[in-house]
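A short write-up of the structure that comes next.
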Amino acid sequence: LLSQFDPDNTGYISTEKFRSLLQRHGSELDPHKLEVLLALADSNSEGRICYQDFVNLMSNKRSNSFRQAILQGNRRLCSKALLEETGLSLSQRLIRHVAYETLPREIDRKWYYDSYTCCPPPWFMITITLVAFFLYNGVVLDRFVLQVSHPLYLKNALLYHPQLRAQAWRYLTYIFMHAGIEHLGLNVVLQLLVGVPLEMVHGAARISFVYVAGVVAGSLAVSVADMRAPVVGSSGGVYALVSAHLANIVMNWSGMKCQFKLLRMAVALICMSFEFGRAVWLRFHPSAYPPCPHPSFMAHLGGVMVGITLGVIILRNYEQRLQDQTLWWIFLSIYVIFVLFAIFWNIFAYSLLDLKLPPPP
């Protein structure tokens, strides 16, 4: 029936035509579905309805638009764009800015702007940045970074070392140490500038999952692909968040209304490339503490892979249940299979390959 109202096959029909269709055939629909469809038409500020949304509802696959419609009921959203609203306070402008930086759809941006209360605040990214990096490194260890040119840099209970891979906490705690102030500084900047807005929109649970998954994938990637090298730095988690955010922008390019998005993407890619290039150069630079090589760069690649798979699915589905996403389960299964493979690799491959690992610190 919807095809009769969309002769140009655009995938959309106007809300007026949609209402007339509901009035004509509403008696044939389930009352609850009819109520949700009417709520969607009432809350839609773009003046059109997506045919795929209609199909999703009729097949019991709730899209984000229907979730918003159910929550809002018959409440109408303002028809003008959120950017056009004037007289906002500083905090309101900040929330609006975050909405436009992270969400591609106007209805999602308006819903987020109207419902965000800063409770809870983005505690995960702030805590793991300030407490982990500064308080632990500065207060407990009396240093903010590890200098890889110093022979004592390996004598640390947090970094990952191939000889100490049986100490499972090292696959996570290596993020608390960095090889140089520039390594620490760039990761902190990216983590705060990208991670905090993402957590404000998507919540601590989703963002912490992406971050920790990137961290674990980073250390496991090193244990599989660069078996003789240690690992330090939070680049695995940071690159997972940044790559997920950038991929989400590319996939929703026309809907993203953030200012200077092309320039901002270019700057982010340049910074990431600079830091990655530095890590590659350091890895193959002659070690100041032979026979142990410098830290590996494979953690960066592990984080990127998590970001463009699990991360993209999480950021693309604002406030939608991931349990309903087929692609989410596919990527999660791939991630679990990789983790299991890496665990067995660590148990058996090192002895079977008879590698000459650097001595324990």
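Every residue gets a Cβ built from N, Cα and C, even glycine.
Pulled from TrEMBL:
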DOMAIN    1-28  domain 'EF-hand'
TRANSMEM  123-146  transmembrane segment
TRANSMEM  207-225  transmembrane segment
TRANSMEM  231-250  transmembrane segment
ACT_SITE  Ser235  active site, nucleophile
TRANSMEM  262-284  transmembrane segment
TRANSMEM  296-315  transmembrane segment
ACT_SITE  His300  active site
TRANSMEM  327-353  transmembrane segment
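Beyond the transmembrane segment (327-353), the same-chain residues lying 6 or more positions past its ends with a Cβ under 8 Å from any Cβ of the stretch are 162, 165, 213, 216-217, 220-221, 223-224, 227, 306, 309-310, 313-314, 317.
Here the listed stretches are 231-250, 262-284, 296-315, and the one with the most C-beta pairs under 8 angstroms to the transmembrane segment (207-225) is 296-315.
Averaged across the domain 'EF-hand' (1-28), pLDDT in this predicted model comes to 69.
With a 10 A radius on its CB, the residue listed as 'active site' counts 25 other CB atoms from all the protein chains.
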